[in-house]
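A.B. asks: There's a structure below that I have some questions on.
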Protein chains: 2
Amino acid sequence: MPANPAWVKALKPSGPQGSELLAQERNRSQLPVESVSEFLFSKEHLESKRRILKILQEDPVFDKTPDYYAGRAERFERALARAKRLRQLKVKHSWTQDELYLANGLISDSGAYLLHDGMFTVTIREQGTPEQHEKFLRPAERYEYIGCYAQTELGHGSNVRGLETVAEWQPDEKCFILHSPHLTASKWWIGNLGLVANYAVLMAQLVIRGKSYGPHPFVVQIRDLKTHEPLENVHIGDIGPKFGFNSMDNGFLLFNKVKIPHISMLARFSRVDPETNEYVRPPSASLVYGTMTLVRASIVKAAGHALARGVTIATRYSAVRRQFVDKDAPEWETAETPVLNYRMVEIRLLTNLAATFALHFTGKTMMQLYQRQHDSMNKNPGNPELSGNLLADLHATSCGLKALASSIAAEGLETCRRACGGHGYSNFSGIGPFYTEYLQNTTVEGDNYLLTQQVARYLLKSAEAVLKGAPATNDTTTILKQYLSRQGQGAAFDVLNNDADIVSAYAWRASFLTFEALKQRQEQKMGWNDMLVDFYRLSKAHSQYLVVKSFYSTLEDPETVDKLDRSTLDVFRSLFRLYALHTMEQEGTDFFAASACNLQQLTLARTKSVMSLLKEIRPHVIRLVDAWDFPDYQLDSSLGRYDGRVYEDLFVRASERNPLNNLTIDPYPFSPTLIRVDKSQSKL
Amino acid sequence: MPANPAWVKALKPSGPQGSELLAQERNRSQLPVESVSEFLFSKEHLESKRRILKILQEDPVFDKTPDYYAGRAERFERALARAKRLRQLKVKHSWTQDELYLANGLISDSGAYLLHDGMFTVTIREQGTPEQHEKFLRPAERYEYIGCYAQTELGHGSNVRGLETVAEWQPDEKCFILHSPHLTASKWWIGNLGLVANYAVLMAQLVIRGKSYGPHPFVVQIRDLKTHEPLENVHIGDIGPKFGFNSMDNGFLLFNKVKIPHISMLARFSRVDPETNEYVRPPSASLVYGTMTLVRASIVKAAGHALARGVTIATRYSAVRRQFVDKDAPEWETAETPVLNYRMVEIRLLTNLAATFALHFTGKTMMQLYQRQHDSMNKNPGNPELSGNLLADLHATSCGLKALASSIAAEGLETCRRACGGHGYSNFSGIGPFYTEYLQNTTVEGDNYLLTQQVARYLLKSAEAVLKGAPATNDTTTILKQYLSRQGQGAAFDVLNNDADIVSAYAWRASFLTFEALKQRQEQKMGWNDMLVDFYRLSKAHSQYLVVKSFYSTLEDPETVDKLDRSTLDVFRSLFRLYALHTMEQEGTDFFAASACNLQQLTLARTKSVMSLLKEIRPHVIRLVDAWDFPDYQLDSSLGRYDGRVYEDLFVRASERNPLNNLTIDPYPFSPTLIRVDKSQSKL
């Protein structure tokens, strides 16, 4: 479009300027931003990030300027170019895999090799034999084979056992025949399949002599390595535009009786003996268990980070955006108030700010637990039952936490977007586009509603064991036993004045709901289906307990006390209380029905505690979001700029960079007198 | 892309087919779909719709096939072409304005003349003098002037008094000078301004001899009528990509000391006398009041319709989509269950289905009330105080209801999207793209959070009057008085068995919260800001009461009883109870704290009533969504197809129509051996 005229360029936003307001905010608090960042991420991580950021910003491939305007094909191609360049930079700068992911996070593109690195090579490494490593993994590590992970089908997602794609063993020819018997057997949603991958790890029903042995993994070539065209009798394509993730080529895949050799079936755990044509069973399923737990724990931690992005943007913008004069202000007051001062904005943003830390600490705790568990299992393989018990606990809790955390983050991001008012609807806010990408987390790695059944099943089983007198072997059985032992006396938690009591109240309510559900299932013989709504509620209650407990324990941890100064720790304690009491109030009926607290406490939590916590935390909020350490490059947001130059940025993006402004159109419905001019293509 | 090979074309989804499952569902119920549709919309409306649909579907301009794949410029141009064609069709078929809107709704494009028809001409008509009608309205009606409504600025939205654009009266030259003193004065978000409009109704601060008289409307030419280029010292453009509404050219607009004549200021209500250079005040502000009320009432009604779109899609798809075998099924059972049979899906979809009717009836009630009010005011101008009182009630309640209804619809649409699992994330679901368009309703015509203050202010004022012994003059004061009179005795509502008691419990809780808030403000001298969270809660409670009451009253209305047969009416009564009891349970703490019901009732509502209502309604759900009468053309959804051919439709959209599949790319990061081929452009 024509450049902005001089008189427009001379304009400034009306004062006070955003930069002044953010500077004032930062001056209101002494919170040591850098040491909080180090506490959250470690010094090494921050240094890596800054080093990598510099490299990215110097490379035109990573310029984000055109991103928000681009159509789908352009976005895909841009993401592909970036993914390639990142692999080149990784070699050049000897980045670790973690540093590559860090770079990817700064770019925030889904990436053309995301599934290759994250699922294809990982699956072959974990489930392949040494011979298969040689044949498939080495070329994959050299990016000669570029893979995807093809499990979900058009007609089947969560119910993996119901997959329709068949791999039938041919005893005579010693090979498998892959086939898609129905349209619903088409692989669907497979990341990086649509245009990028030439190989796939394929989950298919293993059939030997007419008998099905359930889904197993196969490594299959799907495109020609030179022409990149699909192989014969293999039909592949991209599945079309999505709510988010549009730079990713999620794809479909169908086979028409395609032969693959014996070596294609990943055979570390189970295999077909080519001599006897017999199926050889896997020793145990617990290893796969473990990987899923780790993936879910990382979703929990990532949820905190994702939500923090929205909170950073909305909080900074709310400090800059001014609206109305306070109703109770003296009459001579005419200056408008930054909206962040309104209690209705505070309660939305500060509770979500508290949630970012709650989720971050919970994810961290989960990952440490997993690591400890994993190590002790490797050290003491002699006691598989005990380890199994702890692992099962970790597995179940990770299911519930994944569901809760990704729901909190998704809803929180939308809350942040709306808290930005009208400008939250602009893509330049940076929240909307990111929110649509994030939303897939509520469905992948286990649908958030389905997962809660696994948690409930585990809790009921634990409660049954406890009732039968089993000893407490993990946290779940411990709180259930504690509840039972005090049930007669009732609870008397001082939730308004004692942080440990808050945690106990959450444990009490989760235990109460567990035993209630058990009673309904066992005594009243209620059907599984009829209990799903209560199971959802139960899983949520138990996961909320885990979050509150992790938050509390992190602040009590001597390591934390060592890293944060006293007043910073006080701010975090206020954030803990805000998160815990606000959530308690939201779930009031439950807590009250469980006698975990009384009506007076609930009312006071809402009207007094939460309100004064908002005021305590308020001066520190800009520094707290600063501590999340998002570079402007990563946020790519007009509203969330570190320097507060919100309006200047919105204006430049709209006026100077917006390709729609190259058009002049004929506006008249009846008398088409004008030509359509595209100034980007012609000189008219 | 290459056509699907013959072996793919021969594939069918695995059975049972979606069409069979939907047929079974429709056979399970006798609900008379057509008469329910007529009850909701009237026979005439349905006939118009079908007639217009036929015209649209025969015209290639309205073919939606390419829409989901198109980039922003293409979408805008397509919408412009459709808007033009619609105006031509309107003339050809002598459509009324309502029929034009109906056509627009079927297309579901935002439309290039939306603001011209909806705001520009309307404002001139209502606020212009006969002379101004002659000068501006006539050419606008002929689409020679194409207008927009320029109020919101980069730095000001809700606080209209804070607008920065200035129109300064020049006593010597008898003209106004328009000027944008700051960057934040730029008009922003103005629909149809970015590329389409050549005129604007502009809200600007009227200044006479240095004194400001607040914002007033001016009619201003902004683009040349022949070249369509911006006029000198007028800077215009599109503001860039948004979360939704991307076929709309929301724009920005700045003025650099632009002179406009005296006639430009719309002068029906207030004006500048060009002889004396004095400001002439408007007689009363209540007329504007009225229009806003009507707009909000229509948002309430539209919320039901919008939500019904998502519910229709998700419900039909959930009847087709099968997942897992019921846990309690006998062991020999291997057929997977349609997910609609799972209680966790039912509770999400059926409560939202109930909400669609609740909102529809509430919107209808509001509009009737407004109409009755309007008529009686015109008939009895002698009693302005009484009318004013009722109008103020209607105004306040419309604020709260707009906020509640658009929130319910927005959240409900996202619930429906997620209830579709993975495929809900595909744009072909039809929910995601529509949801992003819908979301703007939570912010426009008053931000949903801000609006609640107006409701609270009104309720506090009413409570104060009632305490001072004022008579009950409208519904609000009536319920407040009833509460006061029974407060001593307490409430004893039989919410589980008596529908009228449910309504009373909602009234009781809203009244309780009103008097609580008044006490805090008056006795405890709580600051306005510190009460905002409680005000939000209060407004929500009052609006929920209104929704429940409207739903109940509609079903008690003799006209309804006349139109619906007995068993259909029973289904609607179940829907009423489901909506009211589920919401009550969600807001349990409030109801309990207000003693509007007891803990036992709340628990039973959740575990018994809601569960059995789900079972009662379940057989009728497909027919109930059918009654909303969305043509497939309007839904544009693979998942929501009337015939249940979900998977076939997804596959065709992905494989045959998806332009991304014209690309072949070079996938290798290190050895670029391949060319990029775009098959749509070359024959390679």
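Glycine is no exception: its Cβ is also placed from the backbone N, Cα and C atoms.
Okay, so TrEMBL annotates it like this:
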ACT_SITE  A:E445  active site, proton acceptor
BINDING   A:T152, A:G191  FAD binding site
DOMAIN    A:289-460  domain 'Acyl-CoA oxidase C-alpha1'
DOMAIN    A:500-663  domain 'Acyl-CoA oxidase C-terminal'
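So that I understand the layout, could you describe where these features sit and how close they are to other parts?
C.D. replies: Of all the Cβ atoms in the protein chains shown, 18 others lie within 10 Å of the Cβ of A:E445 (active site, proton acceptor).
Counting only residues at least six positions away in the same chain, the Cβ atoms of A:S110, A:L114, A:L115, A:C148, A:Y149, A:M248, A:D249, A:N250, A:G251 sit under 8 Å from the Cβ of A:G191 (FAD binding site).
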A.B. asks: Give me the Cα-Cα distance between A:T152 (FAD binding site) and A:E445 (active site, proton acceptor), rounded to a whole Å.
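C.D. replies: That separation, Cα to Cα, works out to 11 Å.
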A.B. asks: Compute the average pLDDT of the predicted model within the domain 'Acyl-CoA oxidase C-alpha1' (A:289-460).
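C.D. replies: Overall, the domain 'Acyl-CoA oxidase C-alpha1' (A:289-460) comes to a mean pLDDT of 90.
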A.B. asks: Neighbour count, 10 Å Cβ-Cβ cut-off, for A:T152 (FAD binding site): what number do you get?
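C.D. replies: Other Cβ atoms found within 10 Å: 20.
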